């Protein structure tokens, strides 16, 4: 019995080793799981379910194969792929979740999220996030021709990269008070998230009890997953 969590794969055709590693993961490790949760940024960018990128179809088929084998797959949007919609969910068999979700895992309540909403010290990013998550802005963007959406997405990624290069690492990490507030709001002692690309298990206090924040790593030179069993919560790095 085990439930698996991954995040921040940033899949793109320019990184075939990561794509191949994910396909192996779906065919091997994930097949033994009770469920797989993808906590955002599965793709490097997503400009709409109507994008004919062959990689998207390949990943949908692979995930659907996992689901058809009896392993449900759940997805929380990240800051790169927040426009993944019902069409891709239907094609892949994934179940879309809200940005925050509490799971009962073998008697242990665990809060899961992508993690970008925890980085409240980065006021610039949070303001940008509020704009792009505005439903009417998203609807307007999705009505644009694909070639225009690609240009906008490329400019946004370039702008984000330039902005992050001038920010301190602390600003781009989670805010400790925000973490505790979220855990106490949901009354949990465990939090699993991605986004920061800083894999670690942090001990803290929430609800006047010991608590733990488990951060998934990004898939760059190695894969990263959290494995929850009835007896343990493990952060595991593995070769791609």
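We count from 1, first residue shown onward.
Just so you know, glycine gets a Cβ as well, placed from its N, Cα and C.
Fair warning: this is a prediction, and the values are worked out from it, not measured in the lab.
On its own chain, residue 41 (Mn(2+) 1 binding site) has 7, 8, 9, 10, 78, 79, 80, 81, 114, 194, 195, 218 as residues at least 6 apart in sequence with a Cβ closer than 8 Å to its own Cβ. Swiss-Prot lists 8, 10, 41, 197 with the feature Mn(2+) 1 binding site, giving sequence analysis as the kind of evidence.
Annotation comment: Swiss-Prot describes 41, 79, 114, 195 as Mn(2+) 2 binding site. Residue 195 (Mn(2+) 2 binding site) carries neither a helix nor a strand DSSP state and counts as coil.
Sequence annotations record features per position, and here Swiss-Prot assigns substrate binding site to 79, 80, 122, 160, 164, 167, 195.
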Candidate with the highest Cβ count within 10 Å, taken from the binding-site residues 8, 122: 8
Rounded distance in angstrom between the Cα atoms of residue 197 (Mn(2+) 1 binding site) and residue 122 (substrate binding site): 16
Chain-mates of 41, 79, 114, 195 with C-beta within 8 Å of site centroid, Mn(2+) 2: 7, 8, 39, 40, 77, 78, 80, 115, 116, 194
